[in-house]
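The structure appears below as structure tokens.
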Amino acid sequence: TSPLSHSTGSDSGVSDSEESVFSGLEDSGSDSSEDDDEGDEEGKDGALGDEGHSGMEKTTEEQVQDGSPGPRTEVASARIGDEYAEDSSDEEDIRNTVGNVPLEWYNDFPHVGYDLDGRRIYKPLRTRDELDQFLAKMDDPDYWRTVQDPMTGQDLRLTDEQVALVRRLQSGQFGDMGFNPYEPAVDFFSGDVMIHPVTNRPADKRSFIPSLVEKEKVGWAGSSLAASMTCGPRRTPMPCWGATRCTCLHPSWPCQATPSRTTHLLNTCSRLVWEQQEPGERKLSFLPRKFLSLRAVPAYGRFIQERFERCLDLYLCPRQRKMRVNVDPEDLIPKLPRPRDLQPFPTCQALVYRGHSDLVRCLSVSPGGQWLVSGSDDGSLRFWEVATARCVRTVPMGGVVKSVAWNPSPAVCLVAAAVEDSVLVLNPALGDRLMADNTDQLLSAFVPPEEPPLQPARWLEASEEERQVGLRLRVCHGKPVTQVTWHGRGDYLAVVLATQGHTQVLIHQLSRRRSQSPFRRSHGQVQRVAFHPARPFLLVASQRSVRLYHLLRQELTKKLMPNCKWVSSLAVHPAGDNVICGSYDSKLVWFDLDLSTKPYRMLRHHKKALRAVAFHPRYPLFASGSDDGSVIVCHGMVYNDLLQNPLLVPVKVLKGHALRRDLGVLDVVFHPTQPWVFSSGADGTIRLFT
């Protein structure tokens, strides 16, 4: 059944379904649930469109099998004759139901526009692949003359006249075959002298009489020029206050009224507002006042001061010419790599370790990276499994845990914790049981001397009850302990005491159970200490400086000046040539020991005080934790070439801790093997960022 029999009597005599058949576009009837609710008429139209579409598909399949041209070719050839009969002034093509709209707007949509009823006009189904197109090209003898209409999306078969027109245009000829470009030209004006002129109109009188208008212009210009040369250029007239009319020779603005004497005076409210404002915020630098006469106006109060400042400007002005250098601001900005090129580094929060009831002050990770220990103000020491965030052991310490450090030696399993005025050495007995037993044997192999030497600290063995919870040794000091840190080999231990004098820093030897004070005098309140990872150096950070001591020679090697008000934290690069310091005035300072004793770079990324800084033992990363609740991870590449400076790039800001008592992140430590970072906060949680 031909779809032409379902005409609905539109303006062109063709329904929407039929028009979609002519244009090569299928009518879907209704494209959404809203169109289904509009009534039965649109449903019928959709049904008619579906019938026409199915009929067209059947006809196409049969004609492809027979090798005859499809219905689109027949319809197109059938409509070529009457195409211009239905043409109108506002439509270029009656088959184009979309309008004069570029079809590339609909490249990403399944439809090509909308019809008069607001329904979508879908694109023709083109399910043929390249093999089908090649077979159709070989079977169709008219494939070479078939083109696609960009306005309607249908295939058109060019007639012989259209092919001839295209060939003529390609060869550079005129499109019209009947046009003769070589016709003889007819000259309207010839070179022969003729009896009668072309026009016999008499000449105007103005062609031989001087123009009065031009004369007036020349005279006015000459008079104004002469007046300017005599009296100077014309000035803008003053407003005619009180005059009934303007007597100026040239137009001016309308006359203004005479200003009253109280126009610029401030009332009481405006004066109070002016007095309460800052001098820089005031619109007027003076307060307008009213005087009875000009004789009552006083002299300017700052006359002598401004005259003196002007004299200073003239006296101190430079006497030589300064050459200005044109510098592009973009050249002053360092070319930093993109953060994505500096991966891996921690980017998101993976685990949260919950269990402490008060703020967590310190963290430490085992050398293998499997266990994590944390100390809190709730008086407990907790051991966590890193991969599962499970608390495997809780040891009550009986006081606030200020610092905790895991022994870096992989052969022993020991943890040192600073509680009040003692340093407790524990064996957590986690992981390998053989290593835990070897650690106990190593501690029990010590034989005390017959005459105990005088030491600044007392070494005490743990009782049986304390050994049940893992405590092995107790090193008692007379003053509170604020920090404890291990040497890289795991035999020496350095502590910082909150006291005055030269005994602020003590070094303990675990194998011989001896303690010594390496300094004879004090250089201020000690904040942090750290061992050099490869050389016999000890770094001591006071409030304003960082000193580097040689332990074997017992001498001061370097004194670093961080230019900070109060140093809070200290960390040494694994290679040992670079040091970073954090301060309570929100500064992070990077030192290059081979370059200078002054800071190589000062970073001000945090908004509040820095509490902890840390280097990664393997990756070129360092992190800082602050009271603003954030952890900033930076890329710090140190090159082997001494002529190349370190590359410092901030890559990520990690947030997650809540502020408690104006405190945020209290400690930061990296995982020994993975690019992960742990942070402890005042909210009682430990967070792992991976």
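Glycine is treated like the rest: Cβ placed from N, Cα and C.
TrEMBL: automatically predicted annotations, no manual curation.
Per TrEMBL, these features apply:
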{"type": "COMPBIAS", "residues": "1-27", "note": "compositional bias 'Low complexity'"}
{"type": "REGION", "residues": "1-94", "note": "region 'Disordered'"}
{"type": "COMPBIAS", "residues": "28-43", "note": "compositional bias 'Acidic residues'"}
{"type": "COMPBIAS", "residues": "44-61", "note": "compositional bias 'Basic and acidic residues'"}
{"type": "COMPBIAS", "residues": "83-93", "note": "compositional bias 'Acidic residues'"}
{"type": "DOMAIN", "residues": "106-346", "note": "domain 'BOP1 N-terminal'"}
{"type": "REPEAT", "residues": "353-394", "note": "repeat 'WD'"}
{"type": "REPEAT", "residues": "603-633", "note": "repeat 'WD'"}
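If you look at the repeat 'WD' (603-633), the same-chain residues 6 or more away from its ends with a CB under 8 A from one of its CBs are 344-346, 568-574, 580-590, 648, 650-659, 662-670, 672-673, 675, 677, 679, 681, 689. For the repeat 'WD' (603-633), DSSP puts the residue distribution at 0 helix, 17 strand, 14 coil. For the repeat 'WD' (353-394), DSSP puts the residue distribution at 0 helix, 25 strand, 17 coil.
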